[in-house]
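Engineer: There's a structure below that I have some questions on.
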Amino acid sequence: MEIVGSRRKNSSFSSADDAAVVSTIPLYRSAPELEVRLDDFELYAIHRLRVLKGISDGLSRGKKPNEMENLTKELWKVNMRNSEASEVANKDIISHYVLRLVYCREEELRKWFLSMETTLFRYRFQLETTDAQRALLKEFDLPYKAVSNAEYESVKEKLNQVVRSIGQPLSSADTIYYKVPFEQVPDLVATRRVFIFKGYAYVAMNQVVSLLMTQYRSHLSKALVLTNRKWTSMILEQEKDRLTPIVEALSTSYLGPDYSQPREYGEISLKDIDQVAKSSFPLCMRHLFEKLREDHHLKHGGRMQLGLFLKGVGLKLDDALAFWKAEFSRKVGAERFDKEYAYGIRHNYGKEGKRTDYTPYSCQKIISSTPGVGDHHGCPYRHFSEENLRAALDKMGVGNRAVQDVMDKVRNRHYQLACTLTFEAIHGASCDAGINHPNQYYNDSKNILESRVRATRMVDTLMYAEV
Amino acid sequence: MVREEVGEIGRDDMLIDGVETEQKPNNEVPDGFNVNYLKIYYGKFFPYADMHKWMSYGNDGKHPGCDQSYFGRREFSFTLDNDIYLRFQSFNNVPELENAIKEKCPFKIDIGPVYSVDPAKRHAYAQSGDNVFTPVERELIFDIDISDYDDVRFCCSGADVCPECWPLMTVTIKVIDTALRDDFGFNHILWVYSGRRGVHCWVCDGKARRMTNEQRAAITEYLHVHKGNENSLKKVTLVGQSLHPFLGRSYTEVLKDFFEEKFISSQNLFSDEERYEKILEMIPDESITSELRGKWQDNKRVRDDINVVRWSHVKHLLQSSKHKGQGIRKCVEEIVFTFTYPRLDLEVSKHMNHLLKAPFCIHPKTGRVCVPIDPKHCEEFDPSGVPTLSKLLEELNMGALGTGGEDELDNTSLGESIRYFRTSFLQPLLKSCKEEIESSYTAKIQQSKNSLNW
């Protein structure tokens, strides 16, 4: 990569003296020719999975970039260290390739893995020394040049405006910028962290990691598709007694249940639904439920979020149709409901279109959604104003003290922890695992309530016995 | 994802419009919409050849670099009279397209992406196991619907529009169009009236059509400012010491003047307590809001427009040196953005597989033709002045239709729209498509030569 900086002294990273510096982050461009013990094969993969899972949890709790950096550092240190330096590098590479096998086999798995590995790469890159970063940059061999002095001067004002708009002091502003097609840095475009002119984004030196992430991601994405092909055409059969069982076990053990099939409480009937909504729905679903009862309508995002949740809770398709129809027909008439909305509900149950049995949304998905004007879906802890959230919690019967605790978590953007505290306040019981999924909230709530019912029955029986 | 299949359901005219009161005026030619008239429209007016030229993007030529299967892999979808959806329709040429439309007489025609294989034969490919049926190209599209502005307009709600609120759409076109051209470097952009209460935008440059979903999402987020939903007080929060150049430009060149000179007066934003409280809610400083309330309470009669006067009070207090806090000063901009900044339907733009209504359809509720809007003259566009089905039929009866050929619609009220579509959109687009096809063909030849030369 050739660099022509606007300030000479900053632009030395193609000089000879840093040739000796090597980054510790491998780019995983070719599979390792290493012998691996079967135990290590599995163990390494589990260790790396812990790192990725930790990153995933951090993201869904809305951790800020600097918190994520520390988290990644910590996760890596705890899970990936080894007494021998050469083993560390091997473990890194082996675990990555094992997980490729594990996560290549389905679109959803690929997406998750891709996203977590890219995030991991990002923070590992940022934790490297400047020299190591430059060495890695060179390894990528990007085809972009830094903007010339003259061009820099011509857009300087705009570039500085961007720096101010993202809340950085001007003094620390980079003067080396790369001009790249905006398509290469979607994350910087989406957050308006770059100046864009006629299709080109001006990427500051300290933002270069975004460019690398794009490259890393697209390489890994292609590799996963190829690995999948190889898996189905060869490995699956060849390794059916050795690797296949390990790989298959790995993929299910850590993603948690998807709640697509109601397991614990087989069914829920329409006559109980209001009662159950009050006692066991998390706030996000309760709010949608109440809005639906009130307005007799929900926009698409709300219908999806609530509809799939109810499916996970155990509402049968016929009941679901009756439930939505009862509300919607009051607003748009039964005929219009049948024509325009029934399809979507059958679709959720896999009875239309692609006939996929869709899974209820997880907290992570709900937190990262972007409800707009007229929408009621999303995570209340994230998307409500403080005032509205307080009112909603109050209505749920959360006491003053607990509301304070919840608001603290919200301010620190720990939305799932806020929901966990709400759960604990309402149920008067602890929830050690934390809330990760609205359907988990529901199941945990049901567990507690049912066990109480059983307990009182026990007491009743005992009392009868005494009499 | 789910969206692929439920794409158009629950959007656009599927939204709840309250109770629709259909009024039939007692004219000889009934206003609005009628299947028989629609048949005539599809027989005499609909520009099949132009649509085919557009959707072929130069691939219908004789050049060896042309991809002859291109148009045939495009999904069309018809909504019929009885609300039956026909998805995954595909056509290989103009006559096929024309015959199908004339035969089925769809109330609505939607255009989807170009798929890897002919969408009509997708099941045959599905049997091969590998997921080969996938969208490969799609215009970058935007859908802006004025019913999403219901919390900031007081003249109408739902599906209604009037000359007081339509300018919100004009503002949208200006802001988005400029960003697409100046920031993202796109050139081939078509704006279309959606027939009732909004506008659609088609970005047709080659590089726009080939973007991934992630890249589409990036542009959409870049253009998206409203973060609040129904349960948050503030709909727009601006951070940082200054606005990003794009937002800054939108503010100074479009939004500010529109808000101050037109919108506050036309919507009477400060005329009564209920309305101005909505604005005061956005100011997070009690001392300022109570000072303003005090000032406005006695309802003094003023000679000037009360809205303008009160807005100047707000600006004066917020920007005065007394309040140094960054958050307070930005309130002025936040208020203006909340009321006037474009509100996009995000999901439509983020995914390749969303459907969007084709230009030159007739809106079944209004009978209006979905005509293109020239962004250079968008403030002149008047939704109540667009050609309607009944007007076109009247013209037909009066013999305005030419005798066939390219310019047969010239003397009808659709003529101007067709002319604009051809000369300002289609011709430059096809020219650049041709160049692109030629240059990529040359590059391919060169590459294969090089690989032979080793």
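Glycine is no exception: its Cβ is also placed from the backbone N, Cα and C atoms.
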Engineer: Starting from the [4Fe-4S] cluster binding annotation in TrEMBL that includes A:Cys284, A:Cys363, A:Cys419, which of A:Cys104, A:Cys379 is the extra site residue?
Structural biologist: A:Cys379
Engineer: Would you count the other C-beta atoms found within 10 angstroms of the C-beta of A:Cys379 ([4Fe-4S] cluster binding site) for me?
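Structural biologist: Excluding its own Cβ, the number within 10 Å is 28.
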Engineer: Let me check the 10 A CB neighbour count of A:Cys284 ([4Fe-4S] cluster binding site). How many other CB atoms are there?
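Structural biologist: If we count other Cβ atoms within 10 Å of A:Cys284 ([4Fe-4S] cluster binding site), we arrive at 28.
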Engineer: Below 8 Å Cβ to Cβ and six or more residues apart, same chain only. Which residues does that give for A:Cys363 ([4Fe-4S] cluster binding site)?
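Structural biologist: A:Ser60, A:Cys379, A:Tyr415, A:Gln416, A:Cys419, A:Ile435, A:Asn436, A:His437, A:Pro438 - these are the non-local Cβ neighbours of A:Cys363 ([4Fe-4S] cluster binding site), listed in sequence order.
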Engineer: Across all chains shown, how many C-beta atoms besides its own are within 10 angstroms of the C-beta of A:Cys419 ([4Fe-4S] cluster binding site)?
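Structural biologist: If we count other Cβ atoms within 10 Å of A:Cys419 ([4Fe-4S] cluster binding site), we arrive at 27.
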Engineer: Near the [4Fe-4S] cluster site, what residues other than A:Cys284, A:Cys363, A:Cys379, A:Cys419 in the same chain have a C-beta no further than 8 Å from the centroid of the listed C-beta atoms?
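Structural biologist: Near the [4Fe-4S] cluster site, beyond A:Cys284, A:Cys363, A:Cys379, A:Cys419, sit A:Pro282, A:Leu283, A:Ile366, A:Ile367, A:Pro380, A:Tyr381, A:Arg382, A:Tyr415, A:Gln416, A:Ile435, A:Pro438.
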